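Annotated features in TrEMBL:
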| type | residues | note |
| --- | --- | --- |
| SIGNAL | 1-28 | signal peptide |
| DOMAIN | 35-155 | domain 'C-type lectin' |
| DOMAIN | 155-191 | domain 'EGF-like' |
| DISULFID | Cys181-Cys190 | disulfide bond |
| DISULFID | Cys226-Cys253 | disulfide bond |
| DOMAIN | 256-319 | domain 'Sushi' |
| DOMAIN | 320-381 | domain 'Sushi' |
| DISULFID | Cys352-Cys379 | disulfide bond |
| DOMAIN | 382-443 | domain 'Sushi' |
| DISULFID | Cys414-Cys441 | disulfide bond |
| DISULFID | Cys476-Cys503 | disulfide bond |
| DOMAIN | 506-567 | domain 'Sushi' |
| DISULFID | Cys538-Cys565 | disulfide bond |
| DOMAIN | 568-629 | domain 'Sushi' |
| DISULFID | Cys600-Cys627 | disulfide bond |
| DOMAIN | 630-691 | domain 'Sushi' |
| DOMAIN | 754-815 | domain 'Sushi' |
| DISULFID | Cys786-Cys813 | disulfide bond |
| DOMAIN | 816-877 | domain 'Sushi' |
| DISULFID | Cys848-Cys875 | disulfide bond |
| DOMAIN | 878-939 | domain 'Sushi' |
| DOMAIN | 940-1001 | domain 'Sushi' |
| DISULFID | Cys972-Cys999 | disulfide bond |
| DISULFID | Cys1034-Cys1061 | disulfide bond |
| DISULFID | Cys1159-Cys1186 | disulfide bond |
| TRANSMEM | 1204-1224 | transmembrane segment |
Amino acid sequence: MMFQESVDRRQSLRRIVLLAAFVVFVQELSSGGGAQAWTYSYDTTMRRTWVQARQWCKDNSTEMVQSRIQEESVFLNDFLPPYPTHYWLGIHRLSTEFIFEETNETVPEDALNWASGEPDSKLFQDCVEIYIKRETDTAKWNNENCRRRKATVCYTASCKQDSCSDNADCVETIGNYTCQCHPGFLGSRCEEAIACEPLLDPEQGSHYCLQSYGSDRFNSSCRFHCALGFHIAGEPQLLCQASGRWSHPVPLCQVEQCPVLDRSNISAGRINCSHPIALYSYNSSCEVRCDEGFEPSAPDQILCDHIGQWTASVPTCGAKRCPTLNSSSHGSFVCSDPHEEFSFGSRCTSSCEEGFVLNGTVDTECTSLGNWSADIPSCFAKRCPTLNSSSHGSFVCSDPHEEFSFGSRCTSSCEEGFVLNGTADTECTSLGNWSADIPTCFAKRCPTLNSSSHGSFVCSDPHEEFSFGTRCTSSCEEGFVLNGTADTECTSLGNWSADIPTCFAKRCPTLNSSSHGSFVCSDPHEEFSFGSRCTSTCEEGFVLNGTADTECTSLGNWSADIPTCFAKRCPTLNSSSHGSFVCSDPHEEFSFGSRCTSSCEEGFVLNGTADTECTSLGNWSTDIPTCFAKRCPTLNSSSHGSFVCSDPHEEFSFGSRCTSSCEEGFVLNGTADTECTSLGNWSADIPTCFAKRCPTLNSSFHGSFVCSDPHEEFSFGTRCTSSCEEGFVLNGTADTECTSLGNWSADIPTCFAKRCPTLNSSSHGSFVCSDPHEEFSFGSRCTSTCEEGFVLNGTVDTECTSLGNWSADVPTCFAKRCPTLNSSSHGSFVCSDPHEEFSFGSRCTSSCEEGFVLNGTADTECASVGNWSADVPTCFAKRCTTLNSSSHGSFVCSDPHEEFSFGSRCTSSCEEGFVLNGTADTECTSLGNWSADVPTCFAKRCPTLNSSSHGSFVCSDPHEEFSFGSRCTSSCEEGFVLNGTADTECTSLGTWTADIPTCFAKRCPTLNSSSHGSFVCSDPHEEFSFGSRCTSSCEEGFVLNGTVDTECTSLGMWSRELPHCLARPCPLVANASPHGRVNCSHPFSRFSYGSHCDFKCNEGFFLRGTPTLTCNNSGRWSQDLPTCQPLQCEDIRASLSLSVNCSHPLGNFSFGSQCLFTCEEGFSLYGTEVLFCSSTGSWNDSLPICTENMGTGTAMMQSSGVKAAYIVGPLVLIGLALLLIILFKKRGNPNMSEAPAWGVRDNPAFDFES
């Protein structure tokens, strides 16, 4: 519900009455239209948040009340009704300051109106309320949460949108408004701009203006430009200020100065300069002339350009350069350079490497023309004499340069069968000779041949004696033969295809001396060889049969066979009857040495000498004897025997042969046959017959036999039966019989002790046996024992019985038992039991569970005495090294055993901003070391920062580079600015608080090409940014006014303003014709090509000449400038009693002439005292006349009344207005504008102090 309340307090009524009186008074004085003053509207029907209240004011009024002065707060407290939650003000906090919402201005210190203890710093309390009619702190402010809901109070305004021009602020006053002009404007609505003095172009310069409010009026901005080659001295841009003065004096155009040239660097030349304007200024040109042999280092002429820079540095006169010399291959040169390398006067001397010779001029000099007096000579390798290959040889050369020149290396070789005589390799030396002659090839030498004894050889030598290809044929003297190959050849390898054969004397067949003969030989060579001569002889009693001498001939045979030796012959012998002789014939029958012994047949007796011998004389020593038979005794046969006789002569005489025989089973005991010998006795007695004997039987060891003998013991028919002692058994047939053949039907069997089963010693046991017979046989006794640590289980002794079995089994050996072992806590043991568990030899190795270590001896052994060598060790958890927390880190451990022992598990953590470098968890392992090192805490790494292009940053790193806490400040190279936050910090999350800002080239203001001009820019970065260089040019017919080049500097400003393209100027016509005016249209710039000027004369003048001129493209006006001549008025002549005093500024009685009229004393002037010749060419009034004077008093009264009326009235009005202003200024008036009226009831006006 909208409503308007009346204020009923007396004080308010007095203020209203007073305000109303002033309003009425001012309205009486003012001729301007009235307007409603500031009023308030409020709404208590709905509570709103601060934002909602602000919007409601915008929708229905203007703005929230801001209470810019404390008096306004007091007024509001009087005016507004109380409300439980109070009213919002248009003030809120921004950062740390409170601002007026409408203007975003900080609330000034003298306007602050806080309640006691306010404002506070509670969260979100950023909006301001005003306490209305509160018991304490009434009309004071309090900061409050913007979401709280309160009443709304708004402004309404009396200023309308069209109350003032755009150049003024509509200021509310009591019951009215006033237009408060912006600086530079005047008038009731502030529509007229203040004028400044017209500007003139400087010499060599021009200007153009941007005129918002008219020529040379306020805010006109005029920029001055100088002709090419001139620069502004002073401020180039002038602004018509609100004071009516230009911001700076008109600048001058000064010629650009170039630096004075330094002539000290011209040591071999001189400089000539011309200065058309001023010394070393724009368009000055300087030319460098160099001495002979020298040339300028740059173009010889330099100009002072339009920006005051020389077009190039002063060129120096440097010695003329000759082309760079390059040393020839294998050559070099040394130069003396009086100036620069390879320049005028340089003298170079060439030389070649060792082994090379110059081909050309040694010295060359750089001439004044910049060329060399001679080319660099080439170096060619020294030539060595041409090589010719030797006979049977060739060579291969490597030529790094030319054939047979320095460095050429030739390697000689020979045909097969030839060898080098000399050095194989030769090199062409730096002196031009060969390091060695080409070697000759001589045939390979074979070893010198020596002819064998009795031999010779003939050789054909194609080369040298006994050299490759030599072929030799050997031969022997007569009687000798070759032993080897007759032909041999010297091969390519330098050896003979065959050795020289030897010559050995021809062999004759070996001679054997004949029986009973001998020979003696002389051997000039070998035995029985060519030339050997042998002489044969015979033993006594022998004679030669053949030639005594023989010789080995050259044909290899004997000249005669070896003669035989035959014994001398005796007469042939004839044996006597019943006699014979036996001869021993060492040679031939009945020859020398034959010995014959006569004998008679058996039973016969010699009658004569038995022996005779053939002597060396060839006769017998005795004759052959005769024979007669002998008589033997009569024979009788034996028992069980008989005999039969044959008698060639007489019974029982020599030669009688009797043969005895026995019955079966009997054998002769004697010789069966007996013969009557030549001695007359029997050769044997008549044998007896006895039963055949069998070999005597012997009982075997431990055996016996019993025999039955029908005849004799162990004879034909004897039967024997064998048996053995107890414990023995027969090995063979028990019965045997003596056969008729005299042998036993079977051998006597042997008795061997009965065998018991072979005994095997038990494991870890042994036995010792006594064996009376055989091993493990009847009677064997064995005693068992056990190894140390073992015990017998059974009978110690056992015996092999007569039954062939053992009296007891071999006892077993079992290991001695040790006490049972029990493993310790966290431990175990593994035993090797060679026998039984926990018995002798058992070896137990204790081990601990992973992570535990033994306390004691790991190994124990069950000893031979039945106890353990060591107790079972205990197991304790392995200790790991004590952990120390890393810097900025800590850890918490769980210890199942002891601290920092096997199984202890520790978890590390880091302070905020640090991260673990390593494994968070570590465990004390079974090896007694930690599964992982305690991790270090390193500051969290932020991503590596890379400086942006053209930027850099500097970091402070409390820990590591780019880690938690690192603070980096970025900066840019000169000419670049940061795009982003300069500072960034690595947070505890490992992220940067801000990205590294980029550096972008400082932007210079965007260039706009001037009319009729263009520019081309090189932009190393971005368009119109630092480093951008722009070169301007103009269309044809226009000239640049300013510097051609401009560069965007590191400050973000252009080094020069972009030049303008000005149309070619024509002479100024602004003051060409006094008393006239010109209206020009300038399509390009003032008074330039294309400008069109229409001339008119001021009132009172007429135009003489062409009224319209055009500036053509040559910079000239189409016609001469016209002039303005003053109009003539009628001449005035003086009359009686009327005097005239005229001034003629332009001409007699012409426009502007002024005439002062006076009357003679006693007369008064009637009419105009001063006449002006008007612009129409007539006087402004009729000519006055002089009349005689009236009385003095009457005239004075009339005059005083009129003057008083004119003076007093305005003064009274002015005084009253000033009084009203003074009274209301104490209240203040805000400068508010363009506030539309609300459609609500208005409150009484309130004045603001502006």
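In case you wondered, yes, glycine gets a Cβ from its N, Cα and C as well.
TrEMBL does not curate its annotations; it predicts them automatically.
Here the features listed in TrEMBL are painted onto the structure.
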| residue | record | DSSP class |
| --- | --- | --- |
| Cys190 | disulfide bond | coil |
| Cys352 | disulfide bond | strand |
| Cys414 | disulfide bond | strand |
| Cys441 | disulfide bond | strand |
| Cys476 | disulfide bond | strand |
| Cys627 | disulfide bond | strand |
| Cys972 | disulfide bond | strand |
| Cys999 | disulfide bond | strand |
| Cys1034 | disulfide bond | strand |
| Cys1186 | disulfide bond | strand |
Structural state census, the domain 'C-type lectin' (35-155) (DSSP three-state): 24 helix, 39 strand, 58 coil
Listed disulfide-bonded residues (Cys190, Cys226), ranked by Cβ neighbours within 10 Å, top entry: Cys226
Integer average pLDDT (0 to 100) for the domain 'Sushi' (320-381): 91
Same chain, 6+ residues apart, C-beta under 8 Å of the C-beta of Cys181 (disulfide bond), given in sequence order: Asn167, Ala168, Gly187, Cys190
Cα-Cα distance linking Cys414 (disulfide bond) and Cys352 (disulfide bond), given in Å to the nearest integer: 37
Tertiary neighbours of Cys253 (disulfide bond) (same chain, Cβ under 8 Å, six or more apart): Pro202, Glu203, Gln204, Gly205, Phe224, Cys226, Ala227, Phe230, His231, Ile232, Ala233
Minimum Cα separation from Cys1034 (disulfide bond), reported as the residue among disulfide-bonded residues Cys441, Cys476, Cys538, Cys627, Cys972 that achieves it: Cys972
Residue with minimal Cβ packing [other Cβ atoms within 10 Å] among the disulfide-bonded residues Cys352, Cys538: Cys538
Separation of alpha carbons, Cys414 (disulfide bond) and Cys379 (disulfide bond) (Å): 35
Cα-to-Cα gap, Cys565 (disulfide bond) vs Cys813 (disulfide bond), nearest whole Å: 95
Under 8 Å by Cβ from Cys813 (disulfide bond), counting only residues of that chain that are 6 or more apart: Ser762, Ser763, His764, Gly765, Cys786, Glu787, Phe790, Val791, Leu792, Asn793
Sparsest Cβ surroundings (other CB atoms within 10 Å) among the disulfide-bonded residues Cys414, Cys565, Cys627, Cys1159: Cys1159
Cys414 (disulfide bond) versus disulfide-bonded residues Cys503, Cys999, Cys1061 - nearest by Cα: Cys503
Fewest Cβ neighbours within 10 Å, where candidates are the disulfide-bonded residues Cys503, Cys1186: Cys1186
Cys1061 (disulfide bond) and Cys972 (disulfide bond), Cα-Cα, nearest whole angstrom: 36
Neighbouring C-beta atoms (10 Å sphere around the C-beta of Cys999 (disulfide bond)): 24
The domain 'Sushi' (878-939) - residue tally per DSSP class, helix then strand then coil: 0 helix, 27 strand, 35 coil
